Structures are given as structure tokens and as C-alpha cells.
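Report on the following structure.
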Ligand code: F6P
């Protein structure tokens, strides 16, 4: 089985970017170890604080955030980082070529039940003309990403990674101490009969999503003419991993449940990196109205509606938004 560096070298990825990715993955290996220790390491449960998103911070959120921040800034190739757990961007080397955004621990409420969680990251080019504390550095569309990935802390620790040469899956081999290629070129099947949605929000969705899901639920007896199955892990990283492995549609649509927060998922920390991975595996990713990776962000913590996965199914869903 192949290690990451030769695979990335073969794709022509810049040595500095390879080194940065390896540094991020070294931190994820450490997070993986702490996650696996669970209660034994005293890392479960909540802190007393909330993050900028108004969500309770888990101890592991804070530990993972600190670890990633420290090692990424030490590389010297990063101009600034932006984390879901930080109110503001953190400045790095003014000469750094890259920007890194990350969600240190996606789905962290799953830690309480020993279920799937993960780290999501995205790497963007840094504008040499801007200062490292200028948040506008990050206001680039997802199409500008030079790399994106997630590390899923599950029964095995897995990495999905893209640098724009397809999406590959790797598995952490603790005997060797690194990630080995276990799935070259993920290919999301075009058609699916599986959907992932928090159905408890159904009555708060916009009308197109209501109609689309109502037709899914009618199964063979409705206009879709086939039965669908539902799965919900409540950690985007777990649901998107399933989509990458066997197809499906994952959505967190806009809703009216909380008027201050119509969209749930974060554009820079979740939606853009996942969209890059999904598109590179042959799937598509949209808000229902536009391609997620083409959105020009106006705020580093901006949220967005997400509909992604198997090409034909996402296109069908987008069709309901046009009708
Ligand atoms: O980051 C937010 C998140 O935890 C996602 O990973 C996940 O898809 C979603 O929220 C779960 O939402 P809910 O709590 O509505 O099931």
C-alpha cells in the first residue's frame, strides 16, 4: 500500500503543500489517539464556554483546535488560519503561501455516545499583498481551494483527500504511524436510493425541499417510482463519508426553525471542503439554487444550505427548486 507523499508527488503537488498536509495529518493522528482513549483520557464532556457559533464547546473541540493551530502555524508556510472554534482569524507568517480553514471536531456531540466524529480542513492560496491579520484573505470561493480533506475517527481512522486530482481514501496504520492509500479515486455512483436529512426539521423547510422529500417518501407509489432508505449520523463527516463510499444524497436545507440561523452548516469549514471532495469524486454540491464552490463568502463564519452527493439525485432535487 502506498504512502501519501509519493501519491501527491506523482500528482505534481508542490513540496510545501505536501509538507503542510503531512503536518495537519500528524495533528489528526494525535487527535485520533485522544479520541480513542475516550473517558480514560478525561477528554469527554463540555467546557464551560461557547464558540462563536453559539454552540457548547466540548473539551475535545478545544484540544483538537489548539493542536491543529499550533502545528499549522509552526510550519511557516501558512499566512493565517481560520477555525470554526475561533472568533477571529489567527495570523501566521506574513510570507506564508497558504491559508488553512478547519473544523477541528465535526459532529462533536457524538463524542458523548462514542460515535463518528472527524476533522475537516481546507487549504487556500494566500494573497501576498494582504496582511496576515486581514480576514478578507479568506473571502475566496471554494473553487480556489488547493486541497481539502477530512479525517474520520471511526472504527478505523480514515482520510479523504483531494488536491484537485480526484478524491482518494487512506486509512491510518498505527503500526506504521501514517496513512496508507486504501481507496484510489473514489467514484460516487450517479444514482442512489439513500438520503440523509434531519427529518425532524421537515415542517421548517422551504417549499421546494418539502415537495422533493414528500416525493422521496412516497417511494414506489409516487412520481419517483422507487423506494428510498434514510440514514443520519448527525456528523456531516460521517454522512459525507457514506456518500463517498456508496453514494446517496446528504442535505442540510435552509429552515425557519430559528430565524437568526436559517442555514446550519459553515461554508468555509464544512460546505466548501466537502463540496470539493464530492465534486472530485463525480458528485455535485449545491444550495439548491447555486453551486456551493462558486459562492463568494462575505464572512468567515458564514453558513449555507447544503445539498450534495450522487449526481442524478442532487440534480433531481435542484429541479424541484427551479419548478
Ligand atoms: O456542524 C454541524 C453538525 O454537527 C454537522 O456535522 C451535522 O451534519 C449536523 O450538525 C447535525 O445536525 P442536527 O443536530 O440537526 O442533527
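Glycine is no exception: its Cβ is also placed from the backbone N, Cα and C atoms.
Where the annotation comes from TrEMBL, it is an automatic prediction and has not been curated.
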*Looking at TrEMBL, 103, 105 are annotated for Mg(2+) 1. Which of 70, 74, 84 sits in that same site?*
84
*Check TrEMBL for me: it has 106, 107, 108, 109, 198 binding substrate, so pick out which one of 22, 69, 261, 264 it puts in that same site.*
264
_Close-lying binding-site residues around ligand 1 among 84, 106, 107, 108, 109, 198, where CB distance stays under 6 Å_ = 106, 107, 198
*Mean pLDDT over the domain 'Fructose-1-6-bisphosphatase class I N-terminal' (14-182): what is the value?*
93
*In the same chain, outside 84, 103, 105, whose C-beta lies within 8 angstroms of the Cβ mean position for the Mg(2+) 1 site?*
61, 64, 65, 83, 85, 102, 104, 106, 108, 119, 120, 269, 270
_Candidates 84, 103: member of the binding-site residues with the richest Cβ shell (10 Å)_ = 103
